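Engineer: This structure is in structure tokens; I'll ask about it shortly.
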Amino acid sequence: MAESEAETPSTPGEFESKYFEFHGVRLPPFCRGKMEEIANFPVRPSDVWIVTYPKSGTSLLQEVVYLVSQGADPDEIGLMNIDEQLPVLEYPQPGLDIIKELTSPRLIKSHLPYRFLPSDLHNGDSKVIYMARNPKDLVVSYYQFHRSLRTMSYRGTFQEFCRRFMNDKLGYGSWFEHVQEFWEHRMDSNVLFLKYEDMHRDLVTMVEQLARFLGVSCDKAQLEALTEHCHQLVDQCCNAEALPVGRGRVGLWKDIFTVSMNEKFDLVYKQKMGKCDLTFDFYL
């Protein structure tokens, strides 16, 4: 989905009509007609997959993963179109046929729920990095994102958008189910489960986890250099002039949520996540 100024913003009703239901999950229109092909998509042992619910820090994670796996540096990444190097499986461009033919090792992204990913991934045939973000910051970022889109723009209020999020009525379905599905597979040998907030709280440990998971061997000095480069990426992402002020910071929701909204959100969160031992930092 290209981010650009909206030409014809959608009312809440029009916005909703653009999605379609697939096995009970609301998906964007560009996924229509290709879900079976996605399920049968051939994966390779050398593939590395990055999977997130939208606005979970995907752009930052892909740059960190590329840096760690390829030995790149922040300046090099800043000069390249990183999205061309890490295509999104279900997006119209470049398309499944092109992704199938990419040379190994492929780095592939997706926002699809675990159950809709290629079946070979369920069999442990490729490495999967999943990153979750606290849902309060995520819904603020998701709202800002939809306000900027050309084809899926949103004209409603943040309060209404947040209700849709709590009621599982946004693209890619329920955030609550999305993260819990992957949390249940966090011990799978081919899955690494990360949290966005840890990039800000303990980046050293995250870089160590990524290097170990990706099979990148490095001594202490190399690890320190990698971490410093990753710190640069995090700083660049959170301070980029093109982004709304502070969009990447932890605790963004506190500037947007009213007391009433926060109370309602906490109640829904407790109802839908109460049986799950996954926890989040809502501020640092």
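Cβ atoms here come from the backbone N, Cα and C positions, even for glycine.
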Engineer: Say a student had to find the phosphothreonine annotation in Swiss-Prot: which of T52, T151, T205, T227 would be the correct pick?
Structural biologist: T205
Engineer: When you measure from the Cβ of T205 (phosphothreonine), which residues in the chain that are at least 6 apart have a Cβ under 8 Å away?
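Structural biologist: Correct list: D198.
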